[in-house]
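**Q** Straight from TrEMBL, here's the annotation block:
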type	residues	note
ACT_SITE	Ser53	active site, acyl-ester intermediate
ACT_SITE	Lys56	active site, proton acceptor
ACT_SITE	Ser113	active site
BINDING	Lys218	substrate binding site
DOMAIN	265-357	domain 'Peptidase S11 D-Ala-D-Ala carboxypeptidase A C-terminal'
Amino acid sequence: MALFSPLNCFAAEKENSSNAPFEDLSKSSILMCADTGDILYEKNAYEHLSPASVTKVMSMLLILEAIESGKISLDDEVVTSKNAVAMGGSQIWLEEGEKMTVDELLKAVAVASANDACTALAEHIAGSTTSFVTMMNERAKELGLENTNFENCTGLDDTAVNHYSCAYDIAVMAREVMQHDLIKNYTTIWLDYLRDGETELNNTNKLVNSYSGITGLKTGTTSKAGFCVCATAERDGMNLISVVLGAQTSEGRFNSASNMLDYGFANYQVVAPQVDASQITAVKIKNGIEKSIVPVYDETNKILVKKGSGEVSYEYKIEPSVAAPIAEGDVLGEITIKSGSETIKTIKLYAGKSVGKISFSYIFKEIMFNI
């Protein structure tokens, strides 16, 4: 059954570099909706490139997961190793044996892109940077990233020979990072201090001081990678991720990122599906200890739609009957959301609980109970 709902919008249509309505000075880029995973724009999004310090998006993800799992705490004191001190590039000039908390080091990584701080955290979590890099690559595989390989946790690429990622993979990593609200406490800082005010931290992401709704995330620059940025922003309940790799100038990367974000916010919106609960009918259960079950669905589902006029239709397909036993989570149907002939999203309808099969012992108990 198909029902229509006037959402005053129509489905998202992905732009590419050949028809982009904005200037993109990158070698590779992407614009993704963090809420739904939809891609709004892409340019060479799967090309293998050096990501420079945008590598730290994955490093920060592992740090956040270690904190939230209880493996480490923000108050942990980390002792700086000789290896961490030896890191080049952006740094806070840690000294061997110096102690800083995880909170301070994470701030240094997120705000100032400090390589020494990132290395110290990697060693604190995994025991060595080698083990931490193994964790990074394993996490990349878990996320389904097919065009990423890490050789270090910082993004320094002067000696790296097989350290690469792509705009799409970085956007997926960023989407995962932004599910951890804690990171915004750091990535939205413009200016801060460490060592009782002796060390100044200036955010390398200049959009933090200029773009409305910015929430992060990470910049990167090397002679090999060019100027890179992964920028995240939120407006009116919609979260976007823009990734720029290989721009020739710092201004070019920030302009390209903000152009993508502007385009996304101007043309798209995220809405909750208008599901008609009356259309979700009960499914009969054959030989079950219950006669029927009403399917449920994930009410946190969101859909991305392009602003404008149009109608969205909802098609409900539900199994009339199923045989017991039923396990919680078993799919019993689906809702297909369309704009015209284009499918925007498919929402699974599933069993919210398990239902057992009638057995002789169950029948006997029922008889005895009703005597």
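Backbone N, Cα and C atoms are what each Cβ position is placed from, and that goes for glycine too.
Just so you know, TrEMBL annotations never went through curation; they're auto-generated.
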**Q** Rounded to a whole number, how many Å is the Cα of the residue listed as 'active site, proton acceptor' away from the Cα of the residue listed as 'active site'?
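**A** So the Cα of the residue listed as 'active site' lies 8 Å away from that of the residue listed as 'active site, proton acceptor'.
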**Q** For the residue listed as 'active site', list the number of other Cβ atoms lying within 10 Å of its Cβ atom.
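**A** Other Cβ atoms within 10 Å of the residue listed as 'active site': 26.
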**Q** Using C-alpha atoms only, work out the spacing between Ser113 (active site) and Lys218 (substrate binding site) and round it to an integer in Å.
**A** 8
**Q** Tally the residues of the domain 'Peptidase S11 D-Ala-D-Ala carboxypeptidase A C-terminal' (265-357) by DSSP class, grouping H, G and I as helix, E and B as strand, and everything else as coil.
**A** 6 helix, 48 strand, 39 coil
**Q** Do you know offhand how many angstrom separate the residue listed as 'active site, acyl-ester intermediate' and Lys218 (substrate binding site) by C-alpha?
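**A** Cα-Cα distance, the residue listed as 'active site, acyl-ester intermediate' to Lys218 (substrate binding site): 7 Å.
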**Q** For Lys56, Lys218, listed as recorded positions, tell me which one has the smallest number of other Cβ atoms within 10 Å.
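**A** Taking Lys56, Lys218 as the recorded positions, the minimal 10 Å Cβ count falls on Lys56.
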**Q** Tell me, by DSSP, whether Ser113 (active site) is helix, strand or coil?
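**A** SS state of Ser113 (active site) = coil.
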**Q** For Lys218 (substrate binding site), name the DSSP secondary structure in the helix/strand/coil scheme.
**A** strand
